[in-house]
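Below: the structure, in structure tokens.
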Amino acid sequence: MINPNEDGNEDMETKSTPSSLSDVAKANQARKQPGSGALGVGLEARSIHAWFGDKLVLRDISLDFWSGTVTALIGPSGCGKSTFIRTLNRMHEFIPGAAMAGEVLLNGQDIYEQGTDVTKIRLKVGMVFQKPNPFPSMTIADNVLAGLKLAQLKSENKDDLLEECLERAGLWNEVKDRLNAYGGSLSGGQQQRLCIARSLAVRPEVLLMDEPCSALDPGSTLKIEETIQHLSSSMTIIIVTHNMQQAARVSDYTGFFLSDGGPGELVEVGPTSEIFSRPKDIRTENYVTGRFG
Amino acid sequence: MSTPTLKPTRPWKLTPKQRGLIVLNLVIASALSYLIVLLTPMKGKLAYLSIFFIATIVINFAENYFKRGLAAAKDSIATSFAAAGLIVAVVPIFSILFTIFERGRAGLNFGLFLHDMKLNGPNDPLNQGGLLHALIGSGIMVGIALLISLPIGILTAIYLTEIKGIYSRPIKFLVQAMSGVPSIVAGLFILSAIVFPITKSSSGLMGGFALAILMIPTIARTSEEVLLLIPNDLREAGVALGGTQWRTISLIVVPAAKSGLITATILGLARVAGETAPLVLVSGGGDAVNTNPFQSPMGSLPFYIWKGFTFGTTESIARSWAGIFVLLSLIFILFIAARTLSGSRSSK
Amino acid sequence: MSTSTPIVNSANSTPEKRELTTKPRFSDKVFRGVATAGGLSSLVILGLILIFLGYQGFQVLRSEGIGFITGSNWQVVQDNAGNTDLEASTFGIAAMLVGTLLCAALAVSIAVPISVLCALYLTFYAPQFLKKMMVAIIDLMAAFPSILFGMWGFFILMPHVEYWAKLIHRYFSWIPLFKMEIPVYTRSPFVAGVVLAIMIIPIITSVSREIFSQTPLDRIQAAYALGATRWSMIRAVVIPYGKSGVVGGAMLGLGRAMGETVAVYTVLNLVYQINWHVLIGAGGNVASMILLKFGEAGPTETRALMAAGLVLFILTLIVNSIANAIVSRTGGKGR
């Protein structure tokens, strides 16, 4: 569990050219404005287990996500990171045979409680997927506002919302002249930012990102990372990534998942700079230093 | 870390309470429709059903609207409509199966499979005569159709998936077009191309030809789908081992697709076993067992049913229902066989 | 690429492309020939159907001209010797063509909404066990022989449908389609349309289900992740993706309904008069007419029936081609 008060960046003055991941992470944390950090616990996972059929794929994950922070989940393929974040907005249940145990508390309320309206949960916990997936039958503008239509929400001023969301996703300047073009006409990186804008339009409190850059080129990746940093001041962001540099660049906290053939477990979690500089667990150290995975 | 003695849960499944609520809604809707039919001039089964449907929708809409809002309420309407669509689509099937069972029973007896109608008219008591000649005739004609269409169908599928020659696209298109040829046109074609100019009389062989025309596209299309499922690696592995294309396909691809190809064949058989119109035109229908497909008309199950129906008396129609019972049982067996085969293939 | 001295002198010229051709072995050549021959058989058969029906029907078509498809008279005049007089006889199938289209269109307009809802239910709502069972049952229904639909329609369904027809007539007779001068409800195009609708529901359902189930999962999940309900997800993602596939499926159903013979024969009263009023017990159908007339037809009338078959063949060929073009286009594309 993370305690934001022991941030562990006492030595943040040592600002040399970042030569290692831990330096990158430190530099990143140093850049954060004071006071823009943790606003309180937004989302808490309590002892999450997950099954596919009879196979236990996640064991006992407990993790708190603080508002206004970015948490990166790293780990080798097949360690259950994606499954974990899909339990956080109840996308897990779409897989036939899926089951879970534990609780996910959003503002203190268990999202799996009986009688919870799952569509409302997904409005509050948005998600950006691995592959950009704008709705091809909709224009750019329609795509951004799709969530309003899908969830039958009303908006006072759609144009303002459209501009705001595209602005926050860092796409406004690129598409403001062709809002009526189809979403499929954008480049891959632009499409992914369009998907981020689409998620923002329903004003989620938490944004889950499942390897959002794995299908993109380095330039687009950089843009998305900038977007993530802009967004992090106002919402909780949880990002699954294979790319350790990315975790170091964008996140405040990092959780390391590992599976030794059995169910995935959370090996270690802490401030990103610590995970990359002084990991407590030898397996984490091996992973972040590139000795395996 | 605690050892996971936790039980997997599925919180998204309906709870008993929610299920109870659904049942309650349906009960309220039925009560409401009963009352409305009682108190208003609307009468009849149709009134019950439509009022019940509307009442269900209204109750679900109200419940969801107050609990979860407009979007959920709309969703509940859509759910009701979709479920109604399924029910409307499925009711005829059960009605048909029930009817066959109910009406076919009277004419069913063991003698059906031992006798033909040589000595009996359709009006004779049901325990006389039988459909042996029809069964044999159907078997022979479907067999002829199979002999013709199996090689052609599978070769077409192989051409489309393995050779991928320049004609692939047009041939795919033509096979699809061919599967839409009305059955009566197939009969007319055999009449115009063979019966009138050459044989001048109907026979089982002509029936087999007509059925083959209808069977080729079914086999070709289903086989094509099956062959497309065979991973390309297998083909490349075969060729990389120095096999010719012919050997690769005959020794690796086709055996790998064997059960699927058998399924395709069975589906083709099921499709043509009940074809009536072309057989009425080209194979005629004798009343005696005829095992020679080259000469004189040959009976068939569909023709037997057809004849009984058009004769129009109580006994003859009862014969027809018994015939349908037998025909559908055969189709059912074929269908189960195809399902089992393709099921065991996909589960592997 | 070798790093040794270039063979081509000038530095900028790209080298000639080398032909990559495998010369097939003899056994492969034979094999390819045989498979190609098999593949071409469908072309041959379709071509032969056209040629033979055209050849047999040519005489009648020539003597009737365009009247064959615009006229509604079917009259065989025999001379004193008992031979058919082609000049005096008239053969026109307009009433039958109109009837065919009317019944088939009616069937499609009844079947499409039911099938689409059914396919949506099976793809997105039904629990797994129900889905498996229902898909098997509906597939089985597609294999029911048409004579079965005909007899069931005649004995079981027709009384019900006549009752519905009376209700429709009572409340909707202001619509021209449902007008009725003579109150005869038996064996009307409406009855035939309902029977045909039941026959094509399995076809349209399975095509629609196929298309719906190909909807890209990531789009479905994206919609759900935005807080969509099932219905709003279907409207935003599934319908735009699948609609042209459904149109194709409906056209396939239309083709099947147009060519249906026996089932229509049993439940439709064939009358040689163009009738647009679907509730009146008088309709037409090319395929059924061929079956009806065939038994007692002389040589010339048989030729006329061949010509009618040719028209039906071409009609269904066109409808099916359009349908297949639409279905295969949607199947492959991302949209």
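Cβ atoms here come from the backbone N, Cα and C positions, even for glycine.
No curator has checked TrEMBL annotations; they are predicted automatically.
Annotated domain 'ABC transmembrane type-1' per TrEMBL: C:97-323, in sequence order.
Using a Cβ-Cβ cut-off under 8 Å and counting only residues 6 or more beyond its ends in the same chain, the transmembrane segment (C:33-55) has close neighbours at 61, 306-307, 309-310, 313, 317. Taken from TrEMBL, the feature transmembrane segment covers C:33-55 (among others).
Within the same chain, residues 68-72, 74, 131, 134-135, 138, 189-190, 192-201, 204-206, 208-209, 212, 234, 238, 246, 249-250, 253-254, 257-258, 264, 268, 270-276, 278, 283-287, 289, 308, 311-312, 315 sit at least 6 positions outside the transmembrane segment (C:93-122) and bring their C-beta atoms closer than 8 Å to a C-beta of that stretch. Look at TrEMBL and you will find C:93-122 (among others) tagged as transmembrane segment.
If you look up TrEMBL, you'll see C:134-157 (among others) marked as transmembrane segment.
Per TrEMBL, transmembrane segment is recorded for C:190-212 (among others).
Residues or ranges marked as transmembrane segment in TrEMBL: C:233-254 (among others). Long-range neighbours of the transmembrane segment (C:233-254) within the same chain, counting only residues 6 or more positions beyond its ends whose Cβ lies under 8 Å from a Cβ of the stretch, are 104-105, 107-108, 111-112, 115-116, 120, 123-124, 200, 203-204, 207-208, 210-212, 214-216, 219-220, 222-224, 319-320, 322-327, 329-331, 335.
Sequence annotations record features per position, and here TrEMBL assigns transmembrane segment to C:274-292 (among others). Sequence-remote contacts of a segment are chain residues at least 6 beyond its ends whose Cβ falls under 8 Å from one of its Cβ atoms, and for the transmembrane segment (C:274-292) they are 72, 93-100, 102-103, 106, 165, 168-169, 176-182, 184-190, 192-193, 258-262, 264-265, 268, 305, 308-309, 311-312.
Residues or ranges marked as transmembrane segment by TrEMBL: C:304-327 (among others).
Long-range contacts of the transmembrane segment (C:134-157) within the same chain, counting only residues at least 6 positions beyond its ends with a Cβ under 8 Å from a Cβ of the stretch, are 118, 122, 126, 191, 194-195, 198-199, 201-203, 205-206, 209, 260-267.
Only residues 6 or more beyond the boundaries of the transmembrane segment (C:190-212), in the same chain, are considered here, and those with a CB under 8 A from a CB of the stretch are 102-108, 110-112, 114-116, 118-120, 122-124, 135, 138-139, 141-142, 144, 146, 149-150, 153, 157-158, 161-162, 164-165, 168, 238, 241-242, 245-246, 248-250, 252-254, 256-257, 260, 263-264, 267-268, 278-279, 283, 285, 327, 330-331.
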